[in-house]
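According to TrEMBL, the features are:
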type   : residues : note
REPEAT : 17-105   : repeat 'Solcar'
REPEAT : 113-197  : repeat 'Solcar'
REPEAT : 204-295  : repeat 'Solcar'
Amino acid sequence: MADAGEEVDYEGLGEGFPLHINMIAGALAGISEHAVMFPVDVIRTRMQILSASPAATYSGVTEALRRISSAEGGRALWRGVASVVMGAGPAHAVYFGTYEVVKEATGGNRSGHQFASTAFAGASATIASDAFMNPFDVVKQRMQMHGSTYRSVLTCASDVYKREGLRAFYVSYPTTLAMTVPFTAVQFSTYEWAKEVLNPSGSYSPTTHAVAGGFAGAVAAAVTNPLDVAKTLLQTRGNSSDAVIRKASGMLTAFKIIHEREGLKGFARGLSPRVLTFMPSNALCWLSYEGFRWFLRDQTREKFVG
């Protein structure tokens, strides 16, 4: 345990910092983030679905929350949470572990290299983690849909596989990468920039991590929303009542359907709940990650740092 009065260069701990600590911290942060913000994520998914029935068409986040709770009960706002929690832990462990390794390898912990290095590290991290997370995300969104009758992750996954095959779990993966690679690059670079502006000393500051994380999440969410609308269309196509949507084969097809049906405004579907999801969830994610990392670092400092 480090001496309470000892000054520690917290932000400089990337070099030589044990990988398993970053991965454990990332897993705990991912589970915390997704579980807390899940009800808002349910609303985002429903608002992004095209050709929804009148019962599943909402004018805003508040109305959606009220109507879902009233008509379907509070449990509907948590349907599918098991899938995202099952996937989020391992996926975020891979995510943050990859991020720290690549950032260190490309000089991100040295002055003058942060922006390009963190953007590249973030993009690398999301490619690795999304390959694992994508099937869990498909199951989650199928369970979040209005009228979903799935009662468990296993039942949903089994039904999707029987009706649509393995491809259904990865049909949105290219679109997911097209969205999450720029999302993560923007998020990580914005986070590191904001963190440096708010806390030049590099000392451990929960407030800084929360504010910088929330700001980075809001910016990245807004920039990539059009791709998220396309991803939702592809991941929920198998349960759509629209024959054209059911035949959507990829990102370009999804873009074409959205533009033909609703024009440019269609790509803004779910923007408010998406930003409302990612701003606090990203703040919580970074706060949890940096907090768990600091705690675990403090517990193992004598062994690993000397």
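Each Cβ is built from the backbone N, Cα and C atoms, and glycine gets one as well.
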Composition by DSSP (helix, strand, coil) of residues within the repeat 'Solcar' (17-105): 74 helix, 0 strand, 15 coil
Mean per-residue pLDDT computed across the repeat 'Solcar' (17-105): 85
